[in-house]
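Read the structure below first, then the notes.
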Amino acid sequence: MSNPIYVAIDTPDLDHAKAMADQVRRHVGGLKLGLEFFVAHGQPGVREMARFGLPIFLDLKLHDIPNTVAKAVQALAPLQPAILTVHAAGGRAMLEGAKAAAAPGTKVVAVTMLTSLDTTDLAATGVVGNAHDQVLRLADLAREAGIDGIVCSGEEVGAVHARWPKGFFVVPGVRMAGGSVGDQKRVVTPRAATDAGASILVIGRPITQADDPDAAARAIVATL
Ligand SMILES: O=C(O)c1cc(=O)[nH]c(=O)n1[C@@H]1O[C@H](COP(=O)(O)O)[C@@H](O)[C@H]1O
């Protein structure tokens, strides 16, 4: 099995981003660049990070009307990211438009319910029901729209995998037992997530804020 860990390089500082990538590159399978990095450095920054030779997961969580998202995805296509995120809540037409506009080799995956939310947060946004049902509902929408997969927590990935065996499943909110959870609410261990069917794991702070990021990445890989 290839290394399923994408390390989340969450920083607006390009030199720091490069230093982190350089430290961990031997023990991760890819680099995840999100809003924090992209807002600061845009496409030139992504190109610089691509020089490490690892697949790039561009996590911009696009969510807007179908035309706007399709045009944004089209504008990103020259970067040829391995993975690109949109929000499932944008609806079927938006998801279809995103997939149609993406570069052929790019997996388009839909964020279902952020791992920083729980059922109480859902209720506050007017969504009735629990996290499990909400994730399954949005996973069905994503599958019907013909995109490649979804982002969900390790608590739901087993149930989603059972309904969508060929889907591509991204699991963030991953912590080693006893690790600091921070702002995450639906958290599982790396091993539990891969056992349940995660295709890849997104791991940020447990690696990037460790005293020795390379050793932290290596230790996580050893549990898989
Ligand atoms: O799409 C994501 O990557 C994502 C979705 C989600 O539901 N939860 C979530 O934490 N993420 C991202 O995964 C990373 C998690 O970072 P850590 O909590 O530091 O491991 C961050 O870069 C988040 O933006």
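Even glycines carry a Cβ here, placed using N, Cα and C.
The secondary structure of Lys61 (active site, proton donor), as reduced to three states from DSSP, is extended strand. There are 15 other Cβ atoms within 10 Å of the Cβ belonging to Lys61 (active site, proton donor). Taken from TrEMBL, the feature active site, proton donor applies to Lys61.
Here TrEMBL flags Asp10, Lys32, 59-68, Thr115, Arg175, Gln184, 204-205 as substrate binding site. Cβ neighbour count for Leu60 (substrate binding site): 18 (other Cβ atoms within 10 Å of its Cβ, all protein chains included).
Residues or ranges marked as domain 'Orotidine 5'-phosphate decarboxylase' by TrEMBL: 4-220.
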Please report the Cα separation of Lys61 (active site, proton donor) and Thr115 (substrate binding site) in Å, rounded to an integer. 13
Cβ-Cβ distance under 8 Å to Thr115 (substrate binding site), same chain, at least six residues away: Cys152, Ser153, Pro172, Gly173, Gln184, Lys185, Arg186, Val187
Just jot down the residues in the same chain as His63 (substrate binding site), at least 6 apart in sequence, with C-beta under 8 A of its C-beta; none if empty. Val69, Val86, His87, Ala89, Gly90, Met94
Return the single residue from the binding-site residues list (Pro66, Gly204) that has the minimum number of other CB atoms within 10 Å. Pro66
